[in-house]
Amino acid sequence: MEKMMPGMVKEEWPPSSPEEGEAPRPMEGLHEVGPPPFLTKTFDLVADPATDGVVSWGRAGSSFVVWDPHVFAAVFLPRFFKHNNFSSFVRQLNTYGFRKIDPDRWEFANDGFLRGQRHLLKMIKRRRPLSYLPGSQQALGTCLEVGQFGLDEEIDRLKRDKNILLAEVVKLRHKQQSTKANMRAMEERLQHAEQKQVQMMGFLARAMQNPDFFHQLIHQQDKMKGLEDTFSKKRTRSIDIVPFLNPGEVSQGDQLESTLLFDPRPFAELNDEPAKSELENLALNIQGLGKGKQDVNRTRNQPRNQASNETELTDDFWEELLNEGARDDAGIPGMERRRPRYVDALAQKLGYLSNSSQK
């Protein structure tokens with residue numbers, strides 16, 4: 001340490017410039033916050049010409065496009081971001097305000113992410129989560145939640161309407177099934193009627209080709225009328241002769257009379273089966289008279305409904321009826337063997353030209 005001589009005064013030179021006398025200041029931009037590393041890495045990755053086949057700038061330079069997401073996730077994400085999840089990269093872009101501008105490809109844009117303008121990256125701010133919102137914004141969110149009560153009522157009303165519509169659909173479906181069942185039953189009845197009509201037309205055609213059939217028919221009707229007269233006389237005679245019985249006793253004649261008096265034909269309309277036409281009844285009566293050469297009493301005691309069920313108007317029935325008529329023709333005197341011309345014309349119109357004897 002230097003000792004000052006007596007009488008000597010230390011002189012201080014003034015600063016050469018006014019800046020040297022001011023307090024020191026930090027370097028310009030020292031406290032400025034730079035862009036996040038995620039944005040800088042993404043900018044460098046997009047701007048690198050070596051990666052244009054995988055990721056590059058858009059045509060206008062205001063967006064970037066990921067052309068191959070698989071290669072981008074497998075090669076570049078582990079190198080720059082230490083992971084290989086492309087969905088995580090997209091979510092990270094969303095947190096910084098990037099938006100997807102093309103639905104057909106992975107093209108993203110941001111107002112601060114432009115080609116050749118790296119300094120604009122500091123303008124891009126990360127979105128804050130909802131937990132960091134100020135009190136006023138949280139209050140606004142609460143108000144919005146309170147306003148959703150009206151939407152809940154609307155949703156409940158729509159659910160009720162949906163349930164009503166579903167019940168209506170189920171009801172209509174049941175009606176549709178019942179309608180289909182009725183239509184199927186109607187189709188079966190129509191087919192049965194058409195089949196019966198075809199059989200009747202065939203019977204008529206074959207009958208018209210046989211000129212002796214009508215003479216046989218008249219002869220059979222006369223037989224039937226005689227049998228009915230005989231049967232009615234016997235019934236009247238049994239009613240006139242009534243034996244004396246004690247109270248509560250029933251004679252065999254009464255039992256037989258009750259069986260004979262009960263005729264189910266007036267109740268045929270109450271059955272589900274369709275009533276037979278006059279021609280069918282006539283054919284059945286002719287067939288019954290042909291077989292009436294057997295025991296008459298056994299036929300009388302047999303129930304009517306059983307006889308009707310056993311006799312069906314099938315093709316075999318008509319064939320047997322005509323063959324039986326042809327056999328009975330030998331015993332009828334004065335029968336013509338010639339076929340009239342109108343019979344042939346009618347048979348040709350009906351389309352059945354084959355004779356029953358040829359079959």
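A Cβ is built for glycine as well, from the same backbone N, Cα and C atoms used for every other residue.
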Exercise for the section: Would you please say which range out of 107-157, 158-208 has the annotation region 'Hydrophobic repeat HR-A/B' in Swiss-Prot? Expected result: 158-208
Completion exercise
Taken over the coiled coil (150-202), the predicted model's pLDDT averages 90
